[in-house]
Amino acid sequence: MTGTPCILAIDQGTTSSRAILFDGEGTIQALAQREFRQHYPQAGWVEHDPEEIWDTVVAVCREVLDKAQADDLNVIAIGITNQRETTLVWDRETGKPVHNAIVWQDRRTADFCRRLREAGHEAMVTDRTGLVLDPYFSATKITWLLDNVRGVRARAEAGKLAFGTVDSFLLWRLTGGRVHATDATNACRTCLFNIERQDWDADLLSLFDIPVSLMPEVRDSAADFGHTDKAVLGTPIPVCGVAGDQQAALIGQACFKPGMVKSTFGTGCFVVLNTGETIVRSRNKLLTTVAYRLNGKAYYALEGSIFAAGTTVQWLRDGLGLIQSATETEALASSIENNNGVYIVPAFAGLGAPWWDAEARGAIYGLTRGSGKAEMVRAALESTVYQLSDLVGAMVADGGTIEAMRVDGGMVANGWMMQFLADILDLRTDRPVIAETTAFGAACLAGLQAGLYGSLDDLATRWQLDRSFEPAMTVQTRARNLAGWRDAVSRTLTER
Ligand code: G3P
């Protein structure tokens, strides 16, 4: 085939599915995006319709492939990146899911997690997986499906069903049911994967009562994941890279050296610090996770997960109708000199790291008769920054030395917020030229496997800075802001 070699990155996120075609220089040649519905069957529950996920993925892929054909681009490989932890179980024969996907934000298994904690299992779980016992991860969601959807446990025990995170489900469908696999970065978010031995952990499968026959094969992040079926996207294309979206963003941000850290502002916000070949055990409730696995070798990271970032701005727009569009937030937040004492703790889905309070719920503090739209918008943006500051504080307390923060995701277009971030973290904040870091990370993995890129060093030299934000806030102002936040969080936490 002729034409410019390109990689098709599929980015299946929490609120939309995207397909992006990158050429070897990382330039976007085509992009398509479709949003899909969020289902909230009960308070604290969040589901996605797997068929809608699949339909939107196929639609966006076809859209960019048509463009590739028209522009004489040669799509040499696919890289998949995805919302992590979200749990699917489907029939191996028909490919039909047994239930909606249970989304990472879903809290229905909070009680189950508490019982396991009370029974003293958390230390073992953390030791094997690097995670904590929280409904966030896939394991308790799988158990819920096995125990609450009629006939599912029996069918699972008879080997008729398959489990997967979204990457795995897409891979299964894309390959016409020939490949049931995942990569180590997704596997390590299930709470069933032994991060040291790099395999499913028999003790954990037994603790959560999950038959091993459900589990996909775990491969490197850059690997041969089979070819797409002709019936799905026309010509068969090799799938050469898979990574969870936060790890993909770490790769897209070229954070390959220990000490390098990125935060991605999406629905939630996720800070990931590369720790190289060392498994760093957090003493501050951060997660230890696989950053990427290449040529059979795992590299690790410390991660802090905030459940509500972009969601909070979405809530201002769709829930409260305070703004028409997220782009208005920059002008509103900077229209007042300070937050006037208003703090929002956006615990819509509980609080993630370092609090891990599944039952906490959102709250607003400090309202006076003078508080208005600007205060609410500013407090919403500030809440993401404060949560991030808690995470960076935990990383430093765990021994991390951080020189600068690389940022990406939708919110980083907001210059006011990036300056506030640098000010509160007291850390230089670097925004790269490539804003689509997550999808680009998936393209990098696929490109490494397909021979488009030579090495991680090769990728690192391609990272380009758009703008740096230097801290400029006084020590007193920072301390005053953070004291208000700490007070608000402490009032929001439930007793555990
Ligand atoms: O762990 C959940 C995360 O992978 C979801 O990311 O970007 O879809 O909010 P995002």
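Using the three backbone atoms N, Cα and C, a Cβ is placed for every residue, glycine included.
The following features are taken from TrEMBL:
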BINDING   Thr14, Arg18, Thr267, Gly310, Gly410, Asn414  ADP binding site
BINDING   Thr14, Arg84, Glu85, Tyr136, Asp245  sn-glycerol 3-phosphate binding site
BINDING   Thr14, Thr15, Ser16, Thr267, Gly310, Gln314, Gly410  ATP binding site
BINDING   Arg84, Glu85, Tyr136, Asp245, Gln246  glycerol binding site
DOMAIN    7-252  domain 'Carbohydrate kinase FGGY N-terminal'
DOMAIN    263-449  domain 'Carbohydrate kinase FGGY C-terminal'
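When other Cβ atoms within 10 Å of the Cβ of Asp245 (sn-glycerol 3-phosphate binding site) are tallied across all protein chains shown, the result is 29.
In space, Asp245 is the closest of the binding-site residues Glu85, Tyr136, Asp245, Gln246, Gln314 to Arg18 (ADP binding site), judged by Cα positions. Closest by Cα distance to Arg84 (sn-glycerol 3-phosphate binding site), from the binding-site residues Thr14, Thr15, Gly410, Asn414, is Thr14. Among the binding-site residues Glu85, Asp245, Gly410, residues whose Cβ is positioned under 6 Å from ligand 1 are identified as Glu85, Asp245. Only Thr267, from the binding-site residues Thr14, Glu85, Asp245, Thr267, place their Cα within 10 Å of the Cα belonging to Gln314 (ATP binding site). Spread of the glycerol binding residues is 15 Å (greatest Cα-Cα distance among Arg84, Glu85, Tyr136, Asp245, Gln246). Taking all protein chains in view, 23 other C-beta atoms sit within 10 angstroms of the C-beta of Arg18 (ADP binding site). For the recorded glycerol site, residues Arg84, Glu85, Tyr136, Asp245, Gln246 set the reference point as the centre of their Cβ atoms, and the other residues of that chain within 8 Å of it by Cβ are Gln83, Thr86, Trp104, Arg189, Gly244, Phe270, Ser305. Taking only the Cα positions, the spacing between Asn414 (ADP binding site) and Thr15 (ATP binding site) is 20 angstrom. The record assigns Thr14, Thr15, Ser16, Thr267, Gly310, Gln314, Gly410 to the ATP site; their largest pairwise CA distance measures 14 Å. Ranked by Cβ neighbours within 10 A across all protein chains shown, the binding-site residues Thr15, Gln246, Gly310, Gln314 are led by Gln246.
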